[in-house]
Amino acid sequence: MFTIREIAYFTGGKTKNVDLHILVKEFSTDSRLIKPGSAFFCIKGEKFNGTDFAQDAISKGAVVVIAPFASNLPPNLPVILVDDTVLALARLAKEKLNRMKTKVIGITGSVGKTTTKELIYTILSTRFKVFKSRKSYNNHIGLPLTILEAPIYTDFLILEYGTNHPGEIKYLTSIAKPHYPVITKIGTAHIEFFGSKENIAREKGTLFKEMDYSGYAFFNASTDCLDIIKSMIPYTAGKILFGLDVGDVKPEKYEIGEFSSTFVYKGKEFLFPLPGRGMLENVMGALAIGEHLKVPLEDIQEVLKNFKGEKMRMEKKSIKGITIINDAYNSNPDSLSELLKTFKEDGKRLIFVLGDMLELGERAEEEHRRIGKIFKELGHRILITVGNLAKFISEEARKEGVSEVYHFDEKEEAVVFLKNYLKPDDWLILKASRGLAFEEIVNKLEEIL
């Protein structure tokens, strides 16, 4: 909580038409989510300008808006004028974090950030007061908003550090320096903006370089560019490697099924109700943090056994006898390859619906064609692709001799085809980048099947 006077002081702002003693409990950048007594940050986006919604925010109960000096606002609006509202948001979040005295767990990586965050949160919540970022609040707006939302008495604050351009993680760590940074895996996500996997590793490794020097760095022992990220850990910090086959924290044995995974760690058997090698690597990362922070393994066993996955992340449902696996929250070459390896052609009719993998830049065609080759190598038989880039998957799969390959430019065409093609006992597995909104395919099939 901050008074309006304090907000103005820490953001370097100038007040107009306000009572300086009013206490502000909540902060928002979305006028639709305003609650009485809150403050509204006027952020300018690509398709909107927050100042256009300032009056609406006040009418819904906001007590003050934070806006740029050059804003054209109604003359009597209660306002704090600042040079830059994004920087003002960051400065206020940094001050809030200083007051909290919490330990920050920071998570980054090309895949698995959100699942790892949810796992760590669930494990630590058995023993501590923990707060985590909502959804994928992992950028220059979402991260400071998460800090401002967090209760003042919090033992651990779990934050995601996202990036799709060089320098973004350094900016985020200037707001919140992690005590326990976690790198899930280095892959090719967003390679369009970095040029190489090595540059992605240097960007992600910034989370280690800027960490609290007395903390512990956690990272996947089987990730690419391991030497790069290890070299960025401060010499005073500890490090713990996790993985499935190598690392300080790894299972004695493990088995990955199509519905769930099991493993043995320190003589104890664990069940995890979601499939996939990548998922199990995320589990080992969360277990490593939990064990380091003295959560009993018995508690971790119980948490993992009852873990519920996030929507559109290996989400399973059944429609008219058809099993649907919706893994369409996002897609990149690493996570898609992992998905294809998870499901086996053992008598079931597996139908894969794959969409574009975005932000691959000059490597887009090459990476999509590589997926087509992998599809055949794994023995899969039925492929449906949707989108301008996904056509390269189907072209390559067809060239490699995959028995059934269908391509559609639009989701709606795929839905019409699937309506007549699907049969009871089929398995339908969907994955695409977020921009394609593949959940609409699932929603439409629920309506028409």
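Backbone N, Cα and C define each Cβ position, glycine as well.
Copied over from TrEMBL:
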- 28-94: domain 'Mur ligase N-terminal catalytic' (DOMAIN)
- 107-289: domain 'Mur ligase central' (DOMAIN)
- Gly109, Ser110, Val111, Gly112, Lys113, Thr114, Thr115: ATP binding site (BINDING)
- 312-434: domain 'Mur ligase C-terminal' (DOMAIN)
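Secondary structure of the domain 'Mur ligase C-terminal' (312-434) per DSSP, as helix, strand and coil residue counts: 49 helix, 31 strand, 43 coil. Taken through DSSP, the domain 'Mur ligase N-terminal catalytic' (28-94) splits into 23 helix, 15 strand, 29 coil.
Under a cutoff of 8 A between CB atoms, and with a sequence separation of 6+ in the same chain, the neighbours of Thr114 (ATP binding site) are Lys135, Ser136, Glu160, Glu310, Arg313, Tyr329. Taking a C-beta cut-off of under 8 Å and a sequence gap of six or more, Thr115 (ATP binding site) has these contacts in its own chain: Met279, Asn282, Gly309, Glu310, Arg313. Other than the site residues Gly109, Ser110, Val111, Gly112, Lys113, Thr114, Thr115, same-chain residues with C-beta atoms no more than 8 angstroms from the centre of those residues' C-beta atoms, the ATP site, are Ile107, Thr116, Thr184, Lys185, Asn282. Neighbour count (other Cβ atoms within 10 Å of the Cβ, all protein chains): 25 for Val111 (ATP binding site).
Of all Cβ atoms in the protein chains displayed, 25 besides its own lie within 10 Å of the Cβ of Ser110 (ATP binding site). Other C-beta atoms found within 10 angstroms of the C-beta of Gly109 (ATP binding site) number 25, with every protein chain shown included.
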